Amino acid sequence: MYIGFGYDVHKFKKGRKLFLGGVEIAAPKGLDGHSDADVLIHALMDALLGAAGLNDIGHFFPNNDPQYKNISSLKLLETVCKELKNLKFKINNADITVIAQEPKIYPHIDKMKINISKALKLNKARIAIKATTNEKMGFIGRGEGIAALAVVTIKK
Ligand SMILES: Nc1ccn([C@@H]2O[C@H](COP(=O)(O)O)[C@@H](O)[C@H]2O)c(=O)n1
Ligand SMILES: C[C@@]1(CO)OP(=O)(O)OP(=O)(O)OC[C@H]1O
């Protein structure tokens with residue numbers, strides 16, 4: 001069994017759509033980034049790559065490469081899944097936490113799990129997604145951005 005950990009953070013930007021776990025969530029601002037800035041999926045991808053002993057997402061999907069401009073991070077997740085499968089790794093489970101003062105994440109968690117389950121071809125029951133505010137403290141508490149953490153286990 002191999003364990004991987006991932007962390008990512010993106011700041012809010014006016015005029016951008018908010019994507020988390022591949023779900024478009026109605027919000028006054030979205031997250032800034034080269035891709036769709038889906039911070040939840042980014043943390044998950046880094047956890048998967050880390051568990052497999054591979055480089056991080058910036059190595060696989062450079063943020064100056066036009067082919068990744070505004071790309072759905074679910075597409076990138078599918079590519080990461082293929083990388084692991086090529087190395088004969090099987091994903092066991094994923095446990096993800098989103099830290100966001102706003103918006104509320106819980107109404108969207110089931111759809112997020114379905115999206116990730118499809119992209120990874122992993123049973124939905126093996127995917128946990130939780131959310132917490134930052135109790136109004138720090139940059140997340142002030143609503144400047146959203147962070148996500150992910151832990152995965154994989155096996156050969
Ligand atoms: N962006 C968020 C933050 C929190 N939740 C849900 O609310 C619960 C309470 O959050 P606290 O930070 O006050 O502990 C939390 O357990 C989540 O269920 C959320 O959905 N979205
Ligand atoms: C996802 C990528 C894709 O170009 O771009 P960003 O959306 O800027 O996200 P980041 O978390 O900075 O990771 C880098 C890139 O791999």
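Backbone N, Cα and C define each Cβ position, glycine as well.
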From the candidates His42, His59, give the one listed by TrEMBL for the same divalent metal cation site as Asp8, His10.
His42
Apart from Asp8, His10, His42, which residues in this chain have a Cβ no more than 8 Å from the mean position of the Cβ atoms of those residues at the divalent metal cation site?
Val9, Leu31, Gly33, Ala37, Asp38, Val39, Leu40, Ile41, Ala43, Ala147, Ala148
Close in space, distant in sequence - His42 (divalent metal cation binding site), Cβ under 8 Å, 6 or more apart:
Gly6, Asp8, His10, Ser35, Ile57, Ser73, Ala148
Which binding-site residues, if any, among Asp8, His34, Pro62, Arg142 have a Cβ under 6 Å from ligand 1, given in order along the chain?
none
Between the Cα atoms of Asp65 (4-CDP-2-C-methyl-D-erythritol 2-phosphate binding site) and Thr133 (site 'Transition state stabilizer'), what distance do you get, rounded to the nearest Å?
33
Give me the Cα-Cα distance between Thr133 (site 'Transition state stabilizer') and Arg142 (4-CDP-2-C-methyl-D-erythritol 2-phosphate binding site), rounded to a whole Å.
10
